[in-house]
Structures are given as C-alpha cells and as structure tokens.
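What follows is a set of notes on a single structure, which appears directly below.
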C-alpha cells in the first residue's frame, strides 16, 4: 500500500493539470475504490452544478532568508457541499524562464510528499476547513517566486497563484577580470560565490524603483540581459529615453558575455570589521577572520549588512573575492559620494587594508 500511494503521488506530481470548465461539475471523486460499488458494477458520475473555487492572496507574501513562511490557499464550492470529500493537492513553483514547473509538494488526504530542495522543508497547513496552505521553513534565496496551489477533486481541477517575495538587495557584480567577462552560467556561479543568486526581473525592477542606477548590462535569472537607468544619459541608451530598465532581451547563455545582477537577502549572522595598524594583505585578512571564529565576508553579505543592519564604516576592507569595499549608511565628508551605498576600490593587486568578516549567529 505505501508503494502504491507513493506511485500515485509521483504520477500526480509529474502530470500536467490545467484548469478547465465546460459548464458542468462532478459530484463524485474518482479515487481509490470509488468507481466500484462492491458488486462489480461501476458507479455513475453525476453532475451537481457545484463549482470548485481556489483562493489565494492577491498581494505578495514577503519573507526573508532563513525565515519560515506560510503561503495561504483555501478552496470552497459554489454552492457549498457538505459531504466530506477526499481532495488531492499539488503545489508547484513557476520558473522564471517559463519552462516546466518545479514540483514542490503533492498530497492525498493527510499524506504528502515534498520534492527536490523542498524535501524536509515543506508541508501542508490544514488547520482550517478546506485549507491547503503551504508552509516552507528555512527559506532560501531560490524560494523567491510564484507558486501554484492546485486542488483536484475527482475530475475537477482548479488552481491559483501565490507570489512569494524575499526582502533583499540587488547589486551589480563584475569579476576581477573586468567588465563583460561572464557568460550566463559563469554569472550564476559568480553570484553564488558572493552569497547571492542571479536577480529576477521583478527584483531588478524593485531595486530600480528604490534608486538603483547602473549603466553596465548584466545577466538576470531568466537569461535576459538588462540594466536599470534612473538618470538618462548618452552612454546609457541615450539622453531622450525615459528612465527605466533597458533590455538587450535574451542572449546566448554560452557565447555572450556581460556582468551580473545578483540578489541577496537578510543575513543569519553579522558582518564586522577588523583592522591592523599596518593594514593586512588579503591572505593575512582571511587568517584574521578565522582567528576571530569567522570567515572573510562575501560581497553579498556586505551589501545585506549595509541595507538591513545599517552597517556604516568609512574604512576600506578586503572581501572574499579579492575586492576592497566599504559600506556607508550615513554619507559624510571624505567617505565618497553624497548618497548611501557600498563603495568599491576594485581589486587591488597590492596594498594593505582592514577586512570585513562574517560570523553566523
């Protein structure tokens, strides 16, 4: 029986279910032995005019890295049906590039199975009547996106979408080799090495609306190349174009090379600064962080500490990628431009500086 149930769940996960309404609704659930009345004769499926409705929030659900989040989903019938029914529930994540959906969880009654990265982190919350909400624990950067809640009652199949958005920050990134050196896959890897992931268009748009202005084009998670402009100027698309997100559209993921726009969320630990009277080389800086029970901070961690924890330090420090940067939350004289931000000295081959370290809580 457990093997049969598992096989049923797998078929449910891999199947393609699209909402369809032809004017009729069914009152019997074709599940288990419901198609047999016990005397060898098939039961008849009748129409009863009840419509299955799946409801999810219209507004996005916000969360952050490492948190737990509930994606609400409820269903009902119009008109209401009092009979207790065995319902199948499927949750899936819609991919940014509109390819095949990612299976998250399927359930029959109180038995469920989670898949992939959601295994051990996802379960159903069914405290209320006709509730099919999804609980995701230890939220990760990759969890940001749209989720489909699908309810299957026999031949009825209805769904709706929940938008999960992580509170985070988008930052442009180019490697030590210089501008426009990353193909799509290298851009993905570069962001991951900095404690981040490639940003989505929605994340870049949000960052633009909050003031991000960057003239270098970079990869996004859907394989497009874009860049945000707040102040139109000649080298950045022209003086006469309105502010907005400039797009090169989809590019060849292996052949074309650009920078990257990375996305990082709130930290589970803290970023702190270490200094030495004579400064430190990069290798000495890494060792100093280890001696303090930490590790040298990544670029994404510094940006997150600046945005979410208000980290403000007018002293340049090494980061894990070999760059030297410093975060300014309160602009002042001798600390760079008059706007808040993370300042960069690039990737110096020589010189001695302090270091930013990261330690888990």
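Glycine too: its Cβ is placed from the backbone N, Cα and C atoms.
TrEMBL annotations:
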DOMAIN    51-162  domain 'Ig-like'
DOMAIN    169-264  domain 'Link'
DISULFID  215-236  disulfide bond
DOMAIN    270-359  domain 'Link'
DISULFID  314-335  disulfide bond
Residues of the domain 'Link' (169-264) by DSSP state, where helix covers H, G and I: 22 helix, 30 strand, 44 coil
The domain 'Link' (270-359): DSSP-derived helix, strand, coil residue counts: 21 helix, 26 strand, 43 coil
Packing count at residue 335 (disulfide bond) (other Cβ atoms within 10 Å of its Cβ): 15
Integer Å distance between the CA atoms belonging to residue 335 (disulfide bond) and residue 236 (disulfide bond): 26
Under 8 Å by Cβ from residue 215 (disulfide bond), same chain, sequence gap 6 or more: 227, 229, 233, 235, 236
Protein Cβ atoms within 10 Å of residue 314 (disulfide bond), excluding its own: 15
Per-residue pLDDT averaged over the domain 'Ig-like' (51-162), given as an integer: 91
